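What Swiss-Prot records for this protein:
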DOMAIN    32-204  domain 'VWFD 1'
CARBOHYD  N160  N-linked glycosylation site
CARBOHYD  N667  N-linked glycosylation site
CARBOHYD  N767  N-linked glycosylation site
CARBOHYD  N837  N-linked glycosylation site
CARBOHYD  N892  N-linked glycosylation site
CARBOHYD  N1136  N-linked glycosylation site
CARBOHYD  N1212  N-linked glycosylation site
CARBOHYD  N1227  N-linked glycosylation site
CARBOHYD  T1264  O-linked glycosylation site
CARBOHYD  T1280  O-linked glycosylation site
CARBOHYD  T1290  O-linked glycosylation site
CARBOHYD  N1350  N-linked glycosylation site
REPEAT    1424-1434  repeat '3'
REPEAT    1457-1467  repeat '6'
REPEAT    1468-1478  repeat '7'
Amino acid sequence: MGLPLARLVAVCLVLALAKGLELQKEARSRNHVCSTWGDFHYKTFDGDVFRFPGLCDYNFASDCRDSYKEFAVHLKRGLDKAGGHSSIESVLITIKDDTIYLTHKLAVVNGAMVSTPHYSSGLLIEKNDAYTKVYSRAGLSLMWNREDALMVELDGRFQNHTCGLCGDFNGMQANNEFLSDGIRFSAIEFGNMQKINKPEVVCEDPEEVQEPESCSEHRAECERLLTSTAFEDCQARVPVELYVLACMHDRCQCPQGGACECSTLAEFSRQCSHAGGRPENWRTASLCPKKCPGNMVYLESGSPWLDTCSHLEVSSLCEEHYMDGCFCPEGTVYDDITGSGCIPVSQCHCKLHGHLYMPGQEITNDCEQCVCNAGRWMCKDLPCPETCALEGGSHITTFDGKKFTFHGDCYYVLTKTKYNDSYALLGELASCGSTDKQTCLKTVVLLTDNKKNVVAFKSGGSVLLNEMEVSLPHVAASFSIFKPSSYHIVVNTMFGLRLQIQLVPVMQLFVTLDQSAQGQVQGLCGNFNGLESDDFMTSGGMVEATGAGFANTWKAQSSCHDKLDWLDDPCPLNIESANYAEHWCSLLKRSETPFARCHLAVDPTEYYKRCKYDTCNCQNNEDCMCAALSSYARACAAKGVMLWGWRESVCNKDVHACPSSQIFMYNLTTCQQTCRSISEGDTHCLKGFAPVEGCGCPDHTFMDEKGRCVPLSKCSCYHHGLYLEAGDVILRQEERCICRNGRLQCTQVKLIGHTCLSPQILVDCNNLTALAIREPRPTSCQTLVARYYHTECISGCVCPDGLLDNGRGGCVVEDECPCIHNKQFYDSGKSIKLDCNNTCTCQKGRWECTRYACHSTCSIYGSGHYITFDGKHYDFDGHCSYVAVQDYCGQNSTGSFSIITENVPCGTTGVTCSKAIKIFIGGTELKLVDKHRVVKQLEEGHHVPFITREVGLYLVVEVSSGIIVIWDKKTTIFIKLDPSYKGNVCGLCGNFDDQTKNDFTTRDHMVVASELDFGNSWKEASTCPDVSHNPDPCSLNPHRRSWAEKQCSIIKSDVFLACHGKVDPTVFYDACVHDSCSCDTGGDCECFCSAVASYAQECTKAEACVFWRTPDLCPVFCDYYNPPDECEWHYEPCGNRSFETCRTLNGIHSNISVSYLEGCYPRCPEDRPIYDEDLKKCVSGDKCGCYIEDTRYPPGGSVPTDEICMSCTCTNTSEIICRPDEGKIINQTQDGIFCYWETCGSNGTVEKHFEICVSSTLSPTSMTSFTTTSTPISTTPISTTITTTSATATTTVPCCFWSDWINNNHPTSGNGGDRENFEHVCSAPENIECRAATDPKLDWTELGQKVQCNVSEGLICNNEDQYGTGQFELCYDYEIRVNCCFPMEYCLSTVSPTTSTPISSTPQPTSSPTTLPTTSPLTSSATSPTTSHITSTVSPTTSPTTSTTSPTTSPTTSTTSPTTSTTSPTPSPTTSTTSPTPSPTTSTTSPTPSPTTSTTSPTTSPITSPTTSTTSP
């Protein structure tokens, strides 16, 4: 049994070797790196190393495709003044339209010198102490040490498309670079061909020089350095011999005393780090020392992203290769705030608005008290009142910060107590211009003391208490009223309500409530519960989608008509008003105006938009403009920032119009001084309210009781505080009133003589002597909660006592009152479904809803538009990569995920779009870019399962931990989080705590007002420059505005009418115009279509399906997927919820449905009812296969398992069946003279065996012999002798290489197909393999298509040949690889050959695969080598094995005599002896420790050749 066992062990060792070489080859091909270093050494993408001492300008690496060239890298080397060491003088990089010129000190982009870091369109240039780096989204990264070393890494899509000193990147060493069409080039000849000839520049080519005869004296030292313990992790990753030879050459050429080996050692370290290794510090004080600034230390391998005081967690998210350089000592971070070097985290300062704060320093900011702790603010909330504002007659901001615009025409409940009628605040909105779209706040009504007292504040400045005018100040038991300036009235109450009423230039209201009222109020000002998301809570208890739908439910008079949302922008309707508005309103944003002092405290963006809106919409432009500017000044004063002098250049007519003896002041904080206050003493005067501006009495002066701050204009008519001149017209409900002879004469606009529908009755106020309803009582279902506020008789149809108006023209009892949601009526008892699993039921006009927690969504779309998880809309045009959301927040430094958005400019205006998304989950990185996903395994982190699938136009990534990312493959990303993440995330998407007011929480935990401060704090790398402003692309491209507004008007048009009541279109329309103006360098239609699609998607989620695409407007071509004469694929604007997929059949269900996504969906026929998302076709159930996480295994295919003695297979019922793999050998070891091995038993158990090791002696043959030992794999090098002999003379044996897989073409439709050839790889391959590109496990023969795969033409698949072969009758996507063979004399390495000095017997990693012979069954067979799988059938036999192989050593022509080889189980040097007499080879191996004697030639390059095995009976 000994001999068969020895053979078995030998075969297993060969298989292990072959597998290892295969993996190394694959690992190398993934690196895609070319480099140059030291004394003119170059390494190509394919792994060739050569020396070329050229000093001209050379093409280092370029895209050499004929159709379109994306990049080129040129370099120029020079010698130092002593003429010894060479260095790179300059690097010239061209990437698409950008040209970058680098020298030791400068970086020049497109002719302009730039500072680093430099960011532009898809380009980053940065410097550190050791390197200059260039990154491009085109798929290129470059690293230069500003001395002698340059490294370029390319994306895999450039394979077989490059030229230059870096070679053609085809995966074949030497081929096409040093060997082309049978002609061999030297390194000098190859290098000279890459010369860049410049006009008027003469540069001599280097000539061939005689290499030194021997550098072997340096081998031992170079091997010692490169195999030291510092490089222990590198030995299996990088071919050491290549760098040993380079090191030997460097030392040979080195002047006396020079440290010339440093460059090669450093390059070896860089290549090791790039391959995933971790070289340790090999430098010493005497060997290539390096110095670092400050207290930094030099490390050979560290994360290129330094943790800093402002970015504490970035190193854990770094996706780049480790590198050498200066780093902070362990336990410290770099202080990028004060620049004090490396410090402990506890000593990090904090930064706020440009000011530095020491650790432990406290500040009080608005409603927070914060302390600086380790570079982060630790804050706690303070009891803080909140303010609701009604500005400009239509703009409302709730207590919780929600902003909306509503043009009303009625009395509305602004705020009232939720559980009783102790107080209520009403506001009268009415038309004040020529149209009903210009509305003003006319009256504010305070009902207090359980509505026993009614206080009305008129826009003219008068105050009425229970319809009797009172003079100010006025003090009552529960409230007091004062007039601190000519512009303002202030009201203070005993129940925590404070009012600030602005009178000039238009009436505006600011309502403040103490924290004690939180959650106790309702009305247009919201419910004051800290959650902006439910501020549109109607009087019926349901959250509405739009402002008008919400406000209409809070009418205080049932006779008022519902108002619609006005979606038009008033500015385009009047160009003169628009220009006027832009000129003056832009003062709010300019940095040189007084308003700039407040930008950090109050973001001017929203005020600027309101200012333009009101100025364009107002009949008196200046008054509305000044009101808007004063609103911003008031907001600043409330934050403690006084805008002194802002009226000096604008809105100054009132400053100089103060009545005699009064002066204008910006910070009035006390009551007016009146003659009455002298006689009575205003001890009750309110003090300490927010500063107001206006005319007031100077110190030591008083106002008499007849004085007026605001002069009254001469009025012919007076009506409810409004003075009307003769001929003026006012619209009042359904009446048109004209001022004539000092009286209002009113005419019904709608005839009231019509018949009311029963049971309503007609009320004609002209036929009543009096109708006064002083006690509020409900008259409609909508005013049940708001209650009724009646000021005058209104003619029309009303319900009789005991019945309520149901809003649909009928009268019902209270129990039958319907409910309203999104402007639709629902009868009492009806239920509707909301969001995830919540339902609402209508009961007596109010909604009763369940409150289950749901997923929340963050949206990033277009050019920098964001909607946070809590619903906050904002814009941020950053130019770098930013944290969208992560759970590395607060003190949590061990988060589980991070999602990064990469922004690049999408035009010349400075606007950016999200072009790529990086998802870090556990130990995996997913990158969504260029319409596909790339998966990369990180070196740290645990495995987190995830699945990806295409749904319609979108790619969906679902992580098992409750994260869903939906990407439209362009610029739109939706991120959904499970409720378990609530309050535990941070980033540009906010903190997911249902409160929008703290969504702008920076990385250092401070809540800021500016979207710029917020966005800048979440940049991924601290080197990214801050954004100083958000550009307005329509102002920069005014010629595009009209086109953008015309195209985007579809969002406000009737096309989306069904959605307007469910999703507010205004913000999406603004975003659409913004994006359509910004995309001015191509893709403008794509920007527009993406913007409209974003609104359409929100409509679909709100169950408002809109068919908006047409053949002329953003069409989607689904028929592309249909085979000829079939119509299976269709466009679905709102997704498809009806079909089953193979994934659902396998039990893979999404945690949340995404079937609402628009796109192309199949309608599967009955015989193929299931959709296979991976194959993208309809199949029957038995064709689905099996799924493990995101990987599909076809029916009948093998399924991997962790059980080493089990083999698993996928059945046609999508089940995975596992069976014991009986007899499988799984492990072999040797301990002294004993050999141990393990096999699989019949029931899947592991059976152990051992015996005394017996060596094998293979009889000589007439062809070749193969001898191996059974030495332990893990501890002893494997000694293998492969010798070719001949009875007469030696023959030349070819050497062969398998190419990388080639997939240059992809299937086309129509009369096309798929073709792959081996052009530029080799002219006459020996063999070819073809397989499916999308599923490499499938051979081309398994796909059932009519395909040619041969060495004559490559692969040819024609669509016309596929009739009857499948549903689509289209070719699949294939890839090929070929086996290229060359005469032995051309297979020399491009490294200078070594001498016959003995080398270590430890097997060195090779740079291309080697195929060794296998033992075959008792038959004759010819086997072609592969690098992916080696299958061997082993049969016990005592017959000798005859095989023809090629040597793994360098080519020799010799006659070999019998050789005795003795191998010990311990590493020992090898002694080579060659005799010139021909005879067979006899090899004897024993397990005794002794030197090894073998016949071998010096190794110069790895060789693979075909193996033919013949076994005699």
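Backbone N, Cα and C define each Cβ position, glycine as well.
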Which listed residue (N667, N837, N1136, N1212) has most other Cβ within 10 Å, given these are glycosylation sites: N1136
Neighbouring C-beta atoms (10 Å sphere around the C-beta of N160 (N-linked glycosylation site)): 21
Cβ neighbours within the same chain of N1227 (N-linked glycosylation site) - under 8 Å, at least six residues apart: Y1236, W1237, E1238
Separation of alpha carbons, N667 (N-linked glycosylation site) and N837 (N-linked glycosylation site) (Å): 52
Between N667 (N-linked glycosylation site) and N1350 (N-linked glycosylation site): CA-CA distance (Å): 89
Local Cβ density at N1350 (N-linked glycosylation site) - other Cβ atoms counted within 10 Å: 12
Length of the line joining the Cα atoms of N1212 (N-linked glycosylation site) and N1136 (N-linked glycosylation site), in Å: 27
Whole-number Å value for how far N160 (N-linked glycosylation site) lies from N1136 (N-linked glycosylation site) (Cα to Cα): 42
Integer Cα-Cα distance in angstrom, N160 (N-linked glycosylation site) to N667 (N-linked glycosylation site): 73
Where N1350 (N-linked glycosylation site) sits in the secondary structure, as DSSP reduces it to three classes: strand
